[in-house]
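Enquirer: Quick one: the structure is below, questions incoming.
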């Protein structure tokens with residue numbers, strides 16, 4: 001303990017009552033030394049201290065005659081700067097006890113670090129409880145802590161550091177190195193920290209202090225090496241307590257001796273009549289000579305090179321590290337040469353490398369796994385190969401009745417839409433690991449356009465086909481109107497036009513941009529002293545929800561329209577035309593998968609692999625199931641029974657009539673030109689029936705030649721079977737609406753109505769029987785005979801009068817088979 005009063009009294013008594021003193025050597029207590037040093041200027045006395053380390057004494061304006069052989073407490077700051085640069089620590093924090101000595105060191109350190117590209121990110125101070133300050137340092141992510149506090153506070157600081165987990169491989173503490181040996185044992189009881197916890201937090205800290213003795217083996221000014229001096233000092237000291245300032249005191253004696261020696265040489269060289277013994281407290285000239293001689297001091301002492309710079313000792317600073325309950329010297333800093341030397345393999349950090357000066361945040365792009373992208377791309381390629389196979393099948397068999405009736409052009413559009421949907425998968429899998437940021441932003445737009453257009457193309461074509469079937473079979477007025485593929489293409493084009501309008505407005509008003517979403521930091525899986533901040537690329541814009549809502553609403557209406565058409569055409573019994581069942585299945589699967597996929601994709605937006613896998617599988621499943629439902633049944637039918645799908649069945653349609661409460665059931669008697677395929681089927685069947693009629697005409701010609709001499713029978717047959725003739729005409733009208741022979745026959749009957757029963761034409765009976773057979777009379781007679789016979793011979797084969805009918809000679813009223821019956825509309829249409 002320093003007694004300021006006694007120290008000052010002893011100094012003033014020596015000045016007043018003692019002999020004239022040339023210099024003042026000493027001053028240990030900072031308070032006494034500072035008072036004495038401030039007053040020395042009045043007596044022209046130079047003071048040299050060997051133990052006063054307070055930074056306050058470095059002020060040369062206030063203490064111009066003060067020197068010290070021991071480095072100041074501030075001398076450690078250049079050494080700390082050198083250490084920070086050595087390990088490339090550019091961000092530090094300070095923790096200072098509220099004591100002037102430590103505050104001054106902290107302030108000087110701030111000045112030293114200023115302009116050296118080293119940031120003091122946080123400056124904390126405390127009086128008694130350092131835990132709040134320690135917590136703030138951790139909150140500011142300070143990893144390199146420069147502390148200035150005494151031993152008692154050091155115990156509390158490290159206890160708080162243990163509680164806040166501010167120790168280990170991620171943190172480095174740099175504190176004063178002048179603590180006594182085993183200093184923590186004296187203060188551990190004053191804290192609430194366990195000894196093992198305190199030691200765990202202390203492990204690896206670096207202490208900074210001046211070097212008591214030089215480690216070099218060079219001989220000093222005294223002729224001894226520092227090691228020889230230490231050995232001799234310990235021998236003479238015996239069991240007495242050692243002071244770390246003894247080397248500086250020893251060098252201080254040599255400083256005074258060399259100063260007086262230089263002063264004497266100067267006086268001898270300049271003024272031979274004046275000696276140092278002539279010095280008095282008012283002799284400013286000799287006082288100035290002593291001051292200049294002191295500043296010229298430069299020799300190698302037991303504490304190293306002794307040099308003064310503005311009165312401050314440029315000494316050697318040592319670095320020690322706390323390793324396994326003891327301090328080990330790991331390096332030293334030479335202030336004269338401004339060099340730092342780290343002893344090889346002596347410093348040990350608790351991690352694989354020195355701690356980082358801050359939490360190194362390494363942004364890591366969450367990218368799509370290359371194996372996953374490869375697998376899904378392979379599945380996509382298989383889907384495109386399947387679609388290409390369906391396209392080849394559709395083009396190759398486009399002239400087949402089954403394929404023709406299913407609108408091959410629309411089928412091609414369905415395949416095209418599916419392939420566009422497949423192609424979008426490749427683009428969805430490309431992220432920042434494959435393409436640049438600018439390219440990724442372009443892909444955001446391209447893949448959205450491709451997927452939307454592909455969806456509309458596929459389902460628009462499918463629904464357009466279904467609309468044509470619905471228009472033909474549900475609207476009676478359109479039965480005779482041909483709906484060509486060009487009109488269906490216009491419908492699909494209209495749907496695509498709506499898509500283009502939405503997409504263009506989207507692109508112009510609020511285009512998709514590349515955005516980066518940052519997530520919470522994660523520890524490095526490899527155990528490095530870094531933190532991983534996952535980032536994820538998204539394609540977003542300002543009003544993303546609105547635009548997606550517009551697209552979803554339009555696609556939803558399109559799906560509902562398709563469901564409506566499928567329901568309305570469910571009873572159409574021509575398999576080649578009716579895809580309602582498969583459309584319903586496709587819409588159901590696509591709808592369910594899209595809803596599930598959209599929900600799961602939104603929930604997994606922070607997991608790109610899961611999100612891409614779900615999106616890709618949904619697209620693959622929807623496209624594949626749609627193409628398979630459209631083409632696989634056709635392929636199977638074409639392989640097994642190609643005619644079954646195009647043969648006619650009996651249709652029953654129920655229509656709601658306006659302003660009527662009852663429903664009228666009508667039977668479809670004919671469906672002309674329902675489609676190009678159906679028309680060709682009817683024409684083929686018509687051609688076959690005409691060939692059969694021609695054969696029957698030849699047979700009837702022979703019978704006509706034999707009966708041309710019995711005109712009375714002709715009259716009877718004509719009159720007896722006139723009603724049956726009308727029935728034949730109605731059937732033949734269906735069979736061939738453009739047949740020339742039917743037109744002649746009908747015109748002939750219209751112009752020559754049948755004669756009444758029993759009447760005769762005298763002009764006909766008076767003709768010569770040997771007349772030309774091609775004369776108009778013979779043609780009329782032949783026709784009048786052919787038609788009744790055809791009625792009996794041909795009509796049974798197509799569902800008319802029974803072949804077992806009575807002879808034509810029988811009266812019409814004699815048999816109920818020949819009774820006039822209103823023509824039936826329930827005729828089976830073959831070839832439909």
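Just so it is clear, glycine is given a Cβ too, placed from its N, Cα and C backbone atoms.
Whatever TrEMBL says is automated annotation, not expert-curated.
Heads up, here are the entries from TrEMBL:
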COMPBIAS  664-678  compositional bias 'Polar residues'
COMPBIAS  753-763  compositional bias 'Polar residues'
DOMAIN    372-654  domain 'G-protein coupled receptors family 3 profile'
REGION    654-684  region 'Disordered'
REGION    750-772  region 'Disordered'
TRANSMEM  370-393  transmembrane segment
TRANSMEM  413-434  transmembrane segment
TRANSMEM  446-467  transmembrane segment
TRANSMEM  488-509  transmembrane segment
TRANSMEM  546-567  transmembrane segment
TRANSMEM  587-603  transmembrane segment
TRANSMEM  609-632  transmembrane segment
Enquirer: Give residue numbers and ranges for long-range contacts of the transmembrane segment (413-434): same chain, 6 or more residues beyond its ends, CB-CB under 8 A.
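Expert: The answer is 365, 367-368, 373, 376-377, 380, 383-384, 387-388, 390-391, 394, 440, 443, 446-447, 450-451, 453-462, 489, 492, 537, 608, 612, 615-616, 619-620, 622-623, 626-627, 630.
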Enquirer: Residues of the same chain, at least six outside the transmembrane segment (446-467), with any C-beta under 8 angstroms of its C-beta?
Expert: 406-407, 410-411, 413-414, 416-421, 423-424, 427-428, 488, 491-492, 495-496, 499, 503, 512, 539, 551, 555, 558-559, 561-562, 565-566, 569, 579-580, 583, 586, 590, 619, 623, 626, 630
Enquirer: Please determine whether the transmembrane segment (488-509) and the transmembrane segment (546-567) are in contact (criterion: at least three Cβ-Cβ distances under 8 Å, sequence separation 6 or more).
Expert: yes
Enquirer: With CB pairs under 8 Å as the measure, which of the listed stretches 546-567, 587-603, 609-632 comes out on top against the transmembrane segment (370-393)?
Expert: 609-632
Enquirer: On the 0 to 100 scale, where does the mean pLDDT of the domain 'G-protein coupled receptors family 3 profile' (372-654) fall?
Expert: 80
